[in-house]
Amino acid sequence: MAATSPKTAGSTFFPDIHKAWRDSWPVPAPTDDEIRQWGSAEIATAKLVKRAQERVVTWFHNNTRATSSSTGIRGVLKLGANQKLLHGWQAYQHLYYESFKADIESEYESYIKECEVTKEKPKTRFEFRNEACQKRFAEETEEVKAEVEEYQVKLRDGLDTNLPKDSHSRNKEIQCAIEKLPRTLDKIGQSIADQTKWQVMIIVGGPTPHLNGKLTTLICHFGKTTDGKTFEEFLGHDGYYQHLESTFELREKYGDVGLQTKKPTNAKTSRKRKDKPEGERHVSARLNIAGQSAAESSPTTSATNPHIDERQDAHLLAEGHIATSNGEPQATQAATNTASAETAASTERSST
C-alpha cells in the first residue's frame with residue numbers, strides 16, 4: 001500500500017469524518033437572525049457547516065499523536081531549557097546569507113558540473129552551503145565578527161535581534177506553537193497535579209492564524225475528586241457534554257465570550273460559614289462580551305496586564321455545579337450566585 005503524504009492525507013481523511021459527524025450530529029438550520037446577518041438561508045447554512053467542520057479539524061489537531069518527524073509540529077513547547085549558543089558561522093549565516101545566496105547557488109552549479117567530469121560523488125546542496133558559509137565567516141573582518149557575536153548572545157538570551165520577519169513567517173511560527181499547546185499543557189498540568197495533589201485547571205486563548213485570526217480557547221483540567229472521579233466523570237456524560245455545547249451556544253449567541261468568576265468583596269462573606277460543607281466556595285459568573293475592552297468589562301483586570309489580580313480567583317462554573325473538596329456537587333444557579341455577590345457588595349457599600 002502506498003504511503004499517504006501528510007499534505008494530502010487531510011483531503012482524503014476529513015471528508016469521511018465530516019460526513020460521519022453530520023450523520024450523527026446534523027448541523028441545525030440557521031435561525032432568522034443568522035439568515036438576516038448573512039443575507040440568505042443558503043449562505044447561513046454554509047457558514048454553520050464550515051464552522052462545525054473547523055471544530056472537527058481543530059479537535060483532531062489537538063488530539064492526534066505526536067510525530068517524530070524532524071519537520072513535525074506536534075510535541076511540546078520548550079519550557080525552561082537554556083538556548084544553546086549558535087556557532088559563529090551559523091549566526092553569520094542568519095545575518096548575511098541573503099547577501100551572498102546567489103553567489104553560493106552559482107558556485108554549487110559549477111561544482112556539480114565539475115563532479116560530473118571527475119565522476120566524484122557531489123556533496124549535497126546543504127553541505128556545500130554550510131561549508132561555503134564557514135569559509136566566508138573565517139575571512140570576515142573583526143567588525144563583522146563582533147556583530148555576529150553580539151547577535152549570538154541576544155539570540156541565546158531571547159532578546160530582540162531586530163531582524164525583519166514577514167507576517168507569514170511569524171504566523172507560521174505562532175501556529176506551530178499553538179498546535180503544541182495541548183500536549184504542553186497536558187505535560188505541565190499532570191506534573192503539577194502529581195506533585196502537589198492539587199486540582200489543576202489551565203485556560204489559555206487567543207487568535208489562531210489557521211482560523212484567520214478567530215479567537216480560540218483551550219481548557220485543560222487535571223486531578224480527581226476524593227472518590228477518584230475525573231472532571232468528566234464528576235459531571236456525568238450528559239452534564240459534561242451539555243457544558244461543552246453550552247459554551248458553543250454562548251459563543252454563537254454573544255460572540256467570543258469569556259466566563260470569569262470573582263470572590264466576594266465583603267470580608268464577612270469571604271469567611272467560611274459553619275453551616276456550609278468544607279471546601280465550598282462562593283462564586284459569581286460574569287460574561288465578558290467580545291468588543292468590550294478589559295477596563296470596561298473588568299474593573300479589576302488591567303488592560304496592560306491581563307492577569308487577574310489577588311482579589312480574584314479562578315473557579316470552575318459548569319451546569320450550575322461547583323465541586324467541593326469532598327467530591328460532592330453543590331447544586332447552584334449562576335444567576336443566584338451573581339445576585340448574591342451583588343447583594344453582598346451593595347451591603348458593604350451601605351455599611352461604609
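Note: Cβ is positioned from N, Cα and C throughout, glycine not excepted.
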Have a look at 101-154, 155-208 and point to the one annotated coiled coil in TrEMBL.
101-154
Can you work out the mean pLDDT of the predicted model over the coiled coil (101-154)?
91
